[in-house]
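Data block below; observations after.
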């Protein structure tokens, strides 16, 4: 998998596509006008409709079974199958879609029935989220935010021992494109003795990697670190929308609640471990003086291959920019290498006390800021707690999000000898509070 | 509803039953040997099988529709119907089961097909839990625990303004009777610089009221305090099992995670608002100097009727007691009047920022300790942080739970001129760590 791979597809738009070449093939759930949501695979500017592919008898053996599990209105059953069937399906998909495929003529005949244009389709949440857990493994974010909330002890003593996480709200996880309503809530004005109620004035995004869980574990039985990757179905982008003023007032002692549970957006395509395999890296060595992970978090293979090299980008387009036809402007460029803990460590930690994971559970990584301001993954960090506004095209400024602002996340992997693999977008526009 | 009501049932065991007289009629999901789980209603020592009742054509009109929604393997569809159909079903059930019912002969004919003995059935989780939220509205518990974790500021400044809550783990909510495996986790020994990994040594229970959510709200739309009660399907007992040593080390800054997510037990019967109506009370006046709730948490009817007068009991039976035939011993007797916030305030707060509630969501109230040690709802409180062991029959002592210990919660309502209404039990025995 780490060899060069420049295979091309007979679907011309896939070759050189910034997100969806033959080497990616992420899965998702889509609908075209007047038809029920169903599973599909992104290839260039098109979606391979898995229901139509099954009807055309394009798959064999285990791949047929996997395609059936992935062809409904949610991918949960497909996630539950695990890595084996997923790989077999991927191989048959690549064979079908590669240049020189013996099925090319038959597939072209089916036209938009089999391969509708993405532009004509709506994308949905790819799975029913059972439980959603948000981690906090971006160490630069933890440092930056810790400094704002707790100047005396930005990074708490447990941070380098525990992959810190907390439970989030599953019912408000939405697919990219869903508008996000500014929440009302209690906030405490600086110097005030009593809180007031109203629309959040410090609405923010958080740039995160999302992780879809595949096969689960029985309650009471931990997933060992060596097996942890087998329980991951795929990856996406995740925006952990946050109302900072609500959060500051409510979060002690039990953690964020209304500050986060009004919405969480994810990119709709599930990028598989197979597509990301060429972009695996060794975990960066821990800084001098940092403790070694406890044995249940330590695995040789994970140390050598557990990190992911994914570029993460935040863009913003205000209502004024949109009206004037000004393109979204980049606010940050970061990378998943800013994770202090790997995904395998997150899975192993989550289940080590016996917590049951299930296919369709979702993890967020926590905000993945880099060490420098141009890589900060939230406005809270980029504006130094709202003190230094960002300058935008047309003379606009932002400390926190205004109504009508659209936040856009993008992500991709690049390396020599391999086509670029992208995640697509995770978008959300802010609606005024009710 | 607040009149005296001494109606009797032709099912003799219902009359004078400590939990399930004609005036209660809680709903649940049960199975008898060799048959699929299905909905039923507790009456005395029996369960009225709703599938069998439908087959025997016992209901009419809207009640039939409600019984159909409640007759499957989970009550989610029934919860979603709301209070109207629930009340109509209750009225027809009471008419069917009351002394002098014209259908008595027909129902008796059906015998155990319609009315199996509870002792021959297994009880299940009554609904698929979408999201589970744990509140913290027991003010004495917040004070007691705050003092142990944060001697300087036991009750944080937000407590009397915000019905504090956080998201819990839905996948590990289990029905009474499921054994609970002691979790492994990271803990920091007193004075140690680095954590160690192993079985929790400070395993505890938390005595809570559980609240099942009925009809939900659309994302982005709040539920007003005046409508909040209409979104509650019913009540149960809830044990928020807690590993105190894991919690102390992990909970900053984002709240409890592995300390709680290994298991949460609930009693299987859903006691309705209608059954509890005679036990409604006015909210106790807030102590002198406490702030008034913000307007979105304030409602005249809720102030006058929002409190519930439910007795809550904790019992313990150790393995040694069980072997020697010693009955469970009471560790605490408390009451839901120790809630600082009402259920309506919890619902209104949860949704005020636009968080979507759905039928089958579960709330925990938070530990409902009274002000005195004999009403403390956790061992952390009863043993003053593990410093003063409890004395048990046979010379045993406990600071925290030992393997083989069984914790039993019971709850009931009593008042003059009305039969006692009970919740049944919420039980769980501790298995050794893996």
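Even glycines carry a Cβ here, placed using N, Cα and C.
The domain 'Fumarylacetoacetase N-terminal' annotation in TrEMBL covers B:23-126. As a whole-number mean, the pLDDT of the domain 'Fumarylacetoacetase N-terminal' (B:23-126) in this prediction is 97.
Counted within 10 Å of its Cβ, the other Cβ atoms near residue B:240 (Ca(2+) binding site) come to 24, all protein chains included. Per TrEMBL, the feature Ca(2+) binding site maps to B:134, B:206, B:208, B:240.
Residue B:136 (substrate binding site): 23 other CB atoms within 10 A of its CB, across all protein chains. What TrEMBL records for B:136, B:150, B:247, B:251, B:367 is substrate binding site.
Taken from TrEMBL, the feature domain 'Fumarylacetoacetase-like C-terminal' covers B:140-427.
In the three-state DSSP reading, residue B:141 (active site, proton acceptor) counts as helix. A sphere of 10 angstroms centred on the C-beta of residue B:141 (active site, proton acceptor) encloses 27 other C-beta atoms. Marked as active site, proton acceptor by TrEMBL: B:141.
Cβ neighbours within 10 Å of residue B:264 (Mg(2+) binding site), excluding its own Cβ and spanning all shown chains: 28. The Mg(2+) binding site annotation in TrEMBL covers B:240, B:260, B:264.
In sequence order, the recorded positions near chain A, meaning those of B:136, B:141, B:240, B:247, B:367 whose CB lies under 8 Å from a CB of that chain, are B:136.
Whole-number maximum of the Cα to Cα distances across the substrate-binding residues B:136, B:150, B:247, B:251, B:367: 18 angstrom. Put simply, B:367 is the one of the binding-site residues B:208, B:264, B:367 whose Cα lies nearest to the Cα of residue B:141 (active site, proton acceptor). Here residue B:206 (Ca(2+) binding site) comes close to B:141, B:239, B:240, B:241, B:242, B:364, B:366, B:367, B:377, B:378: these same-chain residues lie at least six apart in sequence, with C-beta atoms under 8 angstroms from its C-beta. Of all the binding-site residues listed here (B:134, B:208), the one with the fewest other CB atoms within 10 A of its own CB is B:134. For the pair formed by residue B:134 (Ca(2+) binding site) and residue B:260 (Mg(2+) binding site), distance between Cα atoms is given as 10 Å, rounded to the nearest Å. Between the binding-site residues B:247, B:367, the minimum number of other C-beta atoms within 10 Å of a residue's C-beta occurs at B:247.
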